[in-house]
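K.L.:
Just passing along the structure, written as structure tokens.
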Ligand SMILES: NC(=O)c1ccc[n+]([C@@H]2O[C@H](COP(=O)([O-])OP(=O)(O)OC[C@H]3O[C@@H](n4cnc5c(N)ncnc54)[C@H](O)[C@@H]3O)[C@@H](O)[C@H]2O)c1
Ligand SMILES: O=C(O)C(=O)C[C@@H](O)[C@H](O)[C@H](O)COP(=O)(O)O
Ligand SMILES: [Zn+2]
């Protein structure tokens, strides 16, 4: 069950290796520091308790762990400073890889620190959540959250390798599995109607731990993301922006819930994708049937599909949408859909229309 997906980026190309049990081979898969000094591994408290000993044994080299509290709140300036200082103090050279061992929070934070320490060190992603295995470990978007909003400080910095062991998902909580599954469904909704139908048929088995279904979904998601990133690494042509389906709504929901466990990233994206489809139907762009079908599958998978009940204020949400990194010339483009599997970047949306659409749903 081993799959290798290449991210074709010229001098920055790398492999994503997907195989159950591959964590035990980490020592052979990753080039360790030539100086023989301990390997820096960045992780969080939960992942450290469950899996750090296995990684340390696999590396067969002393490790220097940097362990952060679990959760979105760790993606902040303070953690960033702490990590950069630790990388420098440890004597990590540009050619040495820092290992990011955790979910998207650890991957985004480590990637950003690696991007700036000594003006750029290598880093390797060993993602431990479904979300990180299908999305955040691939493509080189790295970031922390800022006072003004989600992921507003960061860099494009590609990892040199991604090692994905689906067996790590056996210790992941059901809520975090579902949140990661939202990003799996995203690939079907944005560009692959057949894969969305596969999700409708196999999502429940995947969430219940079916390994073959997990490997299929991870490999398919990584293949789709690798192709998009290879075409538009820095989100300039509009192609990569499709991976942002549901995120302009979702990031505003996350900001307004204080980047806390009131609403996980994948949950915000699930609700955001439902809003993007409903808004598309409202504008006559896609059928009401497709919007209802997208919502029905996300809801059946146990994901939140409505922004009601959070006490959201429409003006505050719209203010966050103005901060979206895709904004240009004072306007925020939205990823909308013509159908399931056919998303596109719409630059004609007025935020006043979004506010009018959203207000009765809050
Ligand atoms: N860079 C990108 O392209 C990209 C893409 C998608 C999401 N993201 C970012 O990723 C973040 C969300 O990532 P996430 O959902 O992985 O969250 P996360 O990193 O907070 O992990 C979720 C929870 O699962 C725990 N956990 C991780 N692995 C585990 C395991 N194997 N067993 C048990 N518990 C485990 C963590 O300790 C944490 O409590 C957000 O900040 C989002 O913005 C980035
Ligand atoms: O890789 C991308 O491109 C994505 O948009 C993937 C998203 O799932 C991810 O949440 C990303 O971090 C959002 O990007 P941002 O540029 O809106 O911060
Ligand atoms: Zn996302």
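Glycine is treated like the rest: Cβ placed from N, Cα and C.
Remember, it's a predicted structure, so these values are computed and weren't measured experimentally.
Sequence annotations record features per position, and here TrEMBL assigns NAD(+) binding site to 104, 105, 106, 107, 108, 128, 129, 141, 150. TrEMBL lists 183, 247, 265 with the feature Zn(2+) binding site. Under the heading domain '3-dehydroquinate synthase N-terminal', TrEMBL lists 66-178. According to TrEMBL, the domain '3-dehydroquinate synthase C-terminal' annotation covers 180-327.
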K.L.:
In Å, how long is the longest CA to CA span across 104, 105, 106, 107, 108, 128, 129, 141, 150, which the record gives as the NAD(+) binders?
P.N.:
22
K.L.:
Of the binding-site residues 183, 247, 265, which one has its Cα closest to the Cα of residue 104 (NAD(+) binding site)?
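P.N.:
Nearest by Cα distance to residue 104 (NAD(+) binding site): 265.
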K.L.:
Give the sequence-ordered list of residues that share a chain with residue 106 (NAD(+) binding site), lie 6 or more positions from it, and have CB atoms under 8 Å from its CB.
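P.N.:
Looking at Cβ-Cβ distances below 8 Å from residue 106 (NAD(+) binding site), excluding near sequence neighbours, one finds 42, 43, 44, 47, 68, 74, 100.
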K.L.:
Less than 6 Å between Cβ and the nearest atom of ligand 2 is the rule; apply it to the binding-site residues 104, 106, 108, 129, 247.
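P.N.:
Near ligand 2, sequence order: 247.
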K.L.:
Roughly how many angstrom lie between the C-alpha atoms of residue 108 (NAD(+) binding site) and residue 265 (Zn(2+) binding site)?
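P.N.:
With distance taken Cα to Cα, residue 265 (Zn(2+) binding site) is 13 Å from residue 108 (NAD(+) binding site).
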K.L.:
Of 104, 108, 129, 247, 265, which binding-site residues come close to ligand 1, meaning Cβ under 6 Å from one of its atoms?
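P.N.:
So the answer is 104, 108, 129, 265.
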K.L.:
Would you count the other CB atoms within 10 A of the CB of residue 247 (Zn(2+) binding site), including those on all shown protein chains?
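P.N.:
Counting Cβ neighbours of residue 247 (Zn(2+) binding site) within 10 Å gives 25.
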